[in-house]
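Chemist: Okay, handing you the structure first.
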Amino acid sequence: MPSDRDSLLGMGFDPARVEWALKATGGRGLQPAMDHIFENEGKPIPDLSAVSDVSSAAPRGEPMDEDDDDLEALQNLGVKGAAAAAAASATEAEAKSIKCSECGKIFKNTALANYHAEKSGHDQFEESIEEIKPLTEEERQQKLAELREKMAAKRAEKAVEEAKEAKANEAIRRKAGKDMNQIRQELQLKEAQKEAEAKKREKLEDARARAAVKAQIEADRKARAEKTAMEKALREGRAPPGATAPVDVPKPAVAAASTAAGRDFKDTRLQIRMSSGGQPYTTTLSSDAPLREVAEYLAGQNLSVDVETVTLAQHFPRKTFTPSDFSKSLRDLGLTPSAVSDPGVSPASPAIR
């Protein structure tokens, strides 16, 4: 069987370029060596001792991409090694070619028959006395040109396929990046909502704590005032405030005194009802306390109340108080009672709307 070197030399290629191609391709077959010759056509031949052997890059006998038309072009290029093989024995001298029993194609030498077997999977071959006429120099050059054109067309198709694949991969990468950005934005939004809720809850807890402190301070102040009043009454020999003492005055005079005392009432007891219903809230504040303390007290009792937006209303006489009125005192807004007939009875109270 003629070697790849004999086949290439029989095709008319330069011996030095044949040696370069066989060494550069690592002896992987006839077609890789021809590809190397075509790709490096016109380039100077380097020192063969410096050319690396790439025989490990691909195993010998690797299937090639050329079709049957390329195979016919290869066999028509003429391989002189067939004559040397024919002279080896009398039997081979009589055989002019090798024929595929399955498809009927005729090949000039064993190398081309092996190439056809690897390409098609056929394994039934026989010797044939049919002779394949060698091509003229003009026909040889024409076949080589056609083979180059087919190889260039296949390379162009491969480049187009690679470009499509690269475009599809880029689209997949962009979609994955977009999905990741969307997930990241959703996570950031959820974190922002959690932080906003935590700040609101903290603000309400602070308002409740301030209201509780103020209520405690007010209760302490009231207790000190009552203690001071009791001590003063004892020093002056009078009955302590709130104690029952007989008074020899006409009843109208008592009523007048009670009326006058009501005008200077120091504390105001409020009963606050939510517009949504439920149990009312009851508290006692100083008559000089601003209306904002009422809103802060309510915010401390109900987390759904915002001090900055709540609106207060008194049913009778009907009045409405907005946050702009919160700096005014209960006395200035007319929320203190005008007369008290019994200290145990609370005056009319405003309600939350």
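Heads up, the Cβ atoms here are built off N, Cα and C, so glycines get one too.
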Chemist: Taking 179-213, 319-353 as the choices, which stretch does TrEMBL tie to region 'Disordered'?
Modeler: 319-353
Chemist: So what's the average pLDDT for the domain 'UBA' (6-40)?
Modeler: 83
Chemist: Could you tell me what the rest of the chain brings near the compositional bias 'Basic and acidic residues' (217-238), counting residues at least six beyond its ends with Cβ under 8 Å?
Modeler: 266-267, 284-286, 289
Chemist: What counts of helix, strand and coil residues does DSSP assign across the domain 'UBX' (263-340)?
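Modeler: Tallied per class, the domain 'UBX' (263-340) gives 15 helix, 20 strand, 43 coil.
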